[in-house]
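Features as listed in TrEMBL:
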type: TRANSMEM; residues: 26-45; note: transmembrane segment
type: TRANSMEM; residues: 57-77; note: transmembrane segment
type: TRANSMEM; residues: 89-107; note: transmembrane segment
type: TRANSMEM; residues: 165-187; note: transmembrane segment
type: TRANSMEM; residues: 262-286; note: transmembrane segment
type: TRANSMEM; residues: 298-320; note: transmembrane segment
type: TRANSMEM; residues: 332-354; note: transmembrane segment
type: TRANSMEM; residues: 390-409; note: transmembrane segment
Amino acid sequence: MSRTDCPHIVPFMTDMQDGQHDERRATWLELFFDLIVVAGTAQLAHLLHGGPDLVDLGLFTVLFFAFWTIWMCFTTYGDVAGARARTGTMLIGMLGMTVMAAAVAGVHEGRHLQSFAIWYVVLRFVVSNIWRGRGQVLIDWPVAQFSMGTAPWVVSIWVDGPARYWLWAAGLAIDLWTTLSFSAHRFQESFEARMFRTKRQAERHREHRGGPRRPVDITVAYTDSAHLGERLGLFTIIVLGEGVAQLVSIGSGEEWDRTLQVLGFGGFLLLVSVWALSLVHGYGGVPNLRAAALPPRIVLFLHCVTNGALVALAAGLGAAMEHRHGELPESVRWLLCASFAAYVVIGLAGAVAAQLAAGAGLHRGVLVTHALPPLAVALLTGLLGSRLPAAAVVWLLVAAALWGLRGYLGRPARPSGELAAR
């Protein structure tokens, strides 16, 4: 490939990257768009009510991942475009996600399933066309442009039964592979090669007709790390709000006996601890993570898993309030303990990444004493807590969360910073 034939790579910087130092804040359009997260998380949490089994948990995982993926696609567009983001485009995304959220309630019915899949496909192609129309390649979130993962969803529109869920899972697995396997450099090279192949014929045609040879310009876009971190944190705040809503909704309709008060206060403390770990001492909702510790695409993946676990934890708190008298059903106990254990594992990953990014080396002893006790409490409570009342289970998790916070006592919150070296 000669230099004349190569696509020209033109870097595109967001407002924070082009030398302007005024801190960007979420716009009213972005905040209005995030209202769909309120509705979506509430609907998705309902899938885990009433003693969920493994099938319910699997369906929740698929639907949450799909809903979050669409939100992230439009969020990264707004992050890069800034004030140039088109209101109509964002509102189309909001409308489609509203239908997806509404379809969750009847997701076991054929028409609702079909509507969810149709709007997922439509919005993925809308986002893909946005970047094609802008002549840009978004390095930090390759899923926004690559549509391979959408193919199983298209097929699922005409498929009934459990096969539809497996097709959705396959499409999301392709997106996950795209997110985790492509480094920024490799993704840019792949995109350049693809652009060269698609434009080569046009170049030859112009040469044959005697026209001028013009290089193909590709604009490489990066996210605004500080602004994106704020948007990710707002998502997590909304998810934690769902946990508060669960406590308020159930507590407001019941007699305020001592058990309800003890359990409600414990649930509140658990949510406060998660807030501190994720947002005061974390980055973008990911506990214990520093802003510059990981590449953006990895941060986004961890954000998805973190908030999926927190939605499940919120649903578990609501179910614990409903079963506050007597022993917890096994499925509810495991929902609480497994979701919290997953959150602890993510926090451990965030702490490891933060230590390595700081250049201080990996302090295994500190990590073990910091993360192992909370993880052990969560798993042992799930395994051996069949005779424990709901309040005891929740307060054991509170103790585990406070243990994770003890290393931060007296320390100031971490300042925001850049996302990672790409």
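Placement of Cβ uses the backbone N, Cα and C atoms for every residue, glycine included.
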Query raised in the report: When each of 57-77, 89-107, 262-286, 390-409 is checked against the transmembrane segment (26-45) for Cβ pairs under 8 Å, which one has the most?
Result: 89-107
Query raised in the report: Taking residues 6+ outside the transmembrane segment (390-409), which of them lie with a CB under 8 Å of any CB in it?
Result: 259, 262-263, 266-267, 269-270, 273-274, 276-277, 280-281, 287, 317, 320-321, 323-324, 328, 332-333, 336-337, 340, 344, 347, 366, 370-371, 373-375, 377-378, 381
Query - Chain residues outside the transmembrane segment (57-77) and at least six past its termini with a C-beta under 8 angstroms from it - result: 30, 33, 36-37, 40, 44, 47-48, 85, 89-90, 93, 96-97, 100-101, 104, 107, 116, 120, 123-124, 127, 130-131, 138, 140-141, 143-144, 165, 168-169, 172, 175, 223, 228, 231, 235, 300, 304, 307-308, 311-312, 335
